[in-house]
Amino acid sequence: MGTINNSAPLDSGMERIFNGNRQWVERKREEDPEFFERRAKGQSPKYLYIGCSDSRVPANEISGTEPGEMFVHRNIANMVVHTDVNLLSVLQYAVEVLKVKHVIVVGHYGCGGVAAAMSDKQFGLIDNWLTNIKDVIRIHEEELHAIEDEEQRLRRLVELNVVEQVINLSKTSIIQNAMKDPEPPQLHGLVYDLREGILRDLHVQTKLIKRYEHIYGMQ
Ligand SMILES: [Zn+2]
């Protein structure tokens, strides 16, 4: 009673993970015999990626980057929330210690988190998180309201949400301090299309961020 049967076959779901891992190790070693040895020495990624937890948007794969190139933070709907100690810790470490050159917020069309925020349904604890996206709707209510087609409206909200998260980045003291550096990190807002696999730059203008400097700016 209560003992774990070690002779039981591996859960077939987990077999997928271990087999996949062994095959990946083999493939990597074939391509580059010192791949793992070099990675073990340390990391100096150029990019911080802030993306959605959605299983269809894997950071390294969609950007064609290798382990070691990208520091990654993912949460539901790629949010930059100022009370999120996890996000702030990742951001501070990436910017101040790793000295990443680019901080990239990546949203994606077909985002379930964004769609849930657009609806009036309750989903449980996550509703508190989704309120941050509802704030984006409030800020851009007029523009969103003018879009009749529901899918188009959702797509636009995905884009606007990315823009607002880039603005949220620029409000943090971490980014504001980093901007005083001779080579400050660049902030970017991108959107990923699940249907095509294409990443598109939303060209979030630093001018747009500057517009709010009189409110959020800190010396
Ligand atoms: Zn998503």
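Any Cβ shown, glycine's included, is placed from N, Cα and C.
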Taking 6-36, 130-160, 161-191 as the choices, which stretch does TrEMBL tie to coiled coil?
130-160
Quick one: average pLDDT across the coiled coil (130-160), no decimals.
98
Far apart in sequence but close in space: which same-chain residues, 6 or more away, have a Cβ under 8 Å from His108 (Zn(2+) binding site)?
Gly51, Cys52, Asp54, Arg56, Val57, Asn78, Val158, Val191, Tyr192, Asp193, Leu194
Neighbours of Cys52, Asp54, His108, Cys111 excl. site residues, C-beta within 8 Å of centre, Zn(2+):
Gly51, Ser53, Arg56, Val57, Ala77, Asn78, Gly107, Gly110, Gly112, Gly113, Val114, Val158, Tyr192
Where does Cys52 (Zn(2+) binding site) sit by DSSP, helix, strand or coil?
strand
